[in-house]
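Q: The structure is given below, and queries will be raised subsequently.
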Amino acid sequence: MVKHYRPPGKKKEGNAAKFVIRSQALKQLQISLPLFRKLCILKGVTPREPKKKFKGTHQTYYHVKDIAFLHHEPLVEIHRAIRVHERKIKKAEAKKNHERANRLREKTPKPKIDRIIRQRYPRFVDALGELDDCLTMVHLFAALPASESKKIEVESVHKCRRLAHEWQAFISRTHKLRKTFVSVKGIYYQAEVEGQTITWLTPHSLQQVVSDDVDIITMLNFLQLYEPLLSFVNFRLYHSINLKYPPILDPRLESLAADLYALSRYVSGNTRLSVVNSEALQSESEKIETKQNEAETGTEKSELRLAQLQHQLPSNEPGALMHLVEEVTGEDEEDQDTKECKKLFKNMKFFLSREVPRESLLFVIPAFGGIVSWEGQGAPFGESDQSITHQIVDRESQGHRFLSREYIQPQWVYDCVNARIILPTENYLVGRIPPPHLSPFIDYDEEGAYIPDYAKTIKHLQAAARKEVLFLPGVGKEDLEDPQSLLVEGVIDRAEANDAARRKQKMMILEQQYHDDLKKELQGVTHTSAGSKETSTGVVPTGESTTNVQENEDDMGKLMMSRKKRKLLEAMQISNKRKQAQHDLIKQRKKKIEEAQSQRS
């Protein structure tokens, strides 16, 4: 067949009409490659993969509509104006007119990202759903050192640090934190805000070194979008709990690098005051309404309502009013997870030694209802406070000890948070090797998943806290179903044990009859009508023949399946074999480690 000839100038068809390569897009937009990359990051434009790459597999393709979307973007004109302004500054500096250069530098136009954020995230839930990478990037730049060669400005680092602390203060005050995990990369956190699960990574509080292999320019382009996005989110969240944004910090605490504690104290104090004021205004309005109803209708219901309000909210006792607000505020709006997290470290006071990760523990402990202090100036209480229940130490030995408190390692806090129970402190004491730090993001209840020994221990502790009965190590289901063992353990009384024993005996008889009938059917034995005579029509199969019969039955079952179901079954079998091989490998490694430890001892 002769190939279709398209005369020059005729409209393109197929993929050639829908997609363009990057060089063609740059010619259409008349911008440089760095500016094109920046616009794609800000507007959310990503490369596409056409079915047929008409310009070769080494090219990057974009959709025509995406390029048209960028063509009408006002940021293109703003960056062109910035380029013209930079030329004027360069010309003034070349003429050594420094006054004009400084004046032009102050009047440099700055692009605004507010409109782009409203376009990309029309709803607040959309912004929360895309907050994972934003929080990770902001926390990363909050820990990076400022560098002129890397174009990391001091103002940008301070702004990222302030935004990160504002976010952590809100999560800690509203008790929205759910999981945390300490890894080599950093510390993972997971929170649940307005039904959205948000997971982010924060680096360790160590000296960060920026490598030359990292593309800092691209990361700064992302940061230009993420900084105003997180500012808008914090503004909305702070106003949802009746707080003014941005918060005003205590200059003394800010100078002592206790920003998170200052923010948390501001949030907790102002939320209570705002709730008190709103409750007082509401009570006054309700009193006025009830008085009007009294004058108009004179019913007894309004008098009773007024008496109840006066009894519940005494105007002459602000302490009682504050106590009432602290107990009642937000109880109906909180879900079950928030209530559990709020009471995990209740009535516990922690003191942090100087070697522990202070910022992380200052964020985690108050999020679960605990009170925390540290070693240094600006702390709420000192180390000699007798009401301290736990002191967190990360060293081999502790010299001076108080008998009224426990000295534990930081891992105990994170494991308690993930398990949602207060774990025993014997394994986490100072100088001991702590148990393995298990990831809360792995589902051990999944079918075929490898369950570590410490995960089983935590599961039994959780069941004991919920007053449930689980299988103990070395005890099977049949042992727990035995009425006599349950009677000995005190789970049931004697009458229930006798009834359960009779029911179990009856079920065992019926089960034995069923197995006997099934065995006779496999052997080919037929029953007479009277059931007294049996005639054998076949030979009793041996063990090898029964396995062969089962394999043949499996093969016949596969043949009876459709092709789609057969492929699905084979994929499931391959997946199960891989999981089993991985489990065997883990068990072999565990066995080798135990043998090495036994040889050392």
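The backbone N, Cα and C atoms fix where each Cβ goes, and this holds for glycine too.
What TrEMBL shows for this protein is this:
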- 75-102: coiled coil (COILED)
- 340-430: domain 'BRCT' (DOMAIN)
- 525-550: compositional bias 'Polar residues' (COMPBIAS)
- 581-601: compositional bias 'Basic and acidic residues' (COMPBIAS)
Q: What mean pLDDT score does the coiled coil (75-102) have in the model?
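A: Its mean pLDDT is 91.
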Q: Could you pull out which residues elsewhere in the chain have a CB under 8 Å from any CB of the compositional bias 'Basic and acidic residues' (581-601), counting only those six or more residues past its ends?
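A: Residues 450.
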Q: May I have the DSSP-based helix, strand and coil counts for the residues of the compositional bias 'Basic and acidic residues' (581-601)?
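A: Each residue of the compositional bias 'Basic and acidic residues' (581-601) counted once, the result is 20 helix, 0 strand, 1 coil.
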Q: Would you kindly list the residues that approach the coiled coil (75-102) from elsewhere in its chain, counting only those six or more residues past its ends and only Cβ-Cβ distances under 8 Å?
A: 29, 31, 35, 39, 42, 108-109, 111, 116
Q: Is it possible to list how many residues within the domain 'BRCT' (340-430) are helical, extended or coil according to DSSP?
A: 25 helix, 15 strand, 51 coil
